Amino acid sequence: MSGTPDDGDIGLIIAVKRLAAAKTRLAPVFSAQTRENVVLAMLVDTLTAAAGVGSLRSITVITPDEAAAAAAAGLGADVLADPTPEDDPDPLNTAITAAERVVAEGASNIVVLQGDLPALQTQELAEAISAARHHRRSFVADRLGTGTAVLCAFGTALHPRFGPDSSARHRRSGAVELTGAWPGLRCDVDTPADLTAARQLGVGPATARAVAHR
């Protein structure tokens, strides 16, 4: 999902861990294989929604997972092999920073988006990015207010602080919290309750199919 400079001025990054290790808190409701399928489907729906945002110059997925890489490439995203060592103490932020170095070569404005937003609407992300333009660094908290759905950096480094209590960590790092409603953008899925909330909003077709085939 790379365009010309006229297509947009933002590089979007999505980091995806190995599918087999992802979303283990969904284990009570899905078999291991179905869980992997659901995680992949959520990525597909997230990418599909993001692709409609006109301000994006590129979409890059960084992942060590071959299936996730293939799905992202099939949707036109740029794919980076995640170089993060297995024993890295902070693998998500390490992966994001690695992607940032590459993406920053073509875009001075960078947005990190979670890849588990099956109810995301294109307009929500577009509106959040428009709001982010008023700040050097900003973020959108998840629906519970503790995590981070989006981190934006305009003309400056990301300094990602994803992980437990990332909303507070991003706030303490100087990022401005964006306060728009954007329910689909805020609804990342880690638990069965999160999935129920996303389904109530309306998930994308890939996730709907994956969830139906338990």
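Glycine residues also receive a Cβ, built from the backbone N, Cα and C atoms like all the rest.
Secondary structure at T148 (phosphoenolpyruvate binding site), taken from DSSP and collapsed to helix, strand or coil, is strand. Under the heading phosphoenolpyruvate binding site, Swiss-Prot lists T148, G163, S166.
In this structure, the binding-site residues T148, G163, S166 were compared by how many other Cβ atoms lie within 10 Å of their Cβ, and the smallest count belongs to G163. Excluding the listed site residues T148, G163, S166, the same chain places G147, P160, R161, F162, P164, D165, S167, R169, H170 with Cβ atoms within 8 Å of the centre of the phosphoenolpyruvate site Cβ atoms.
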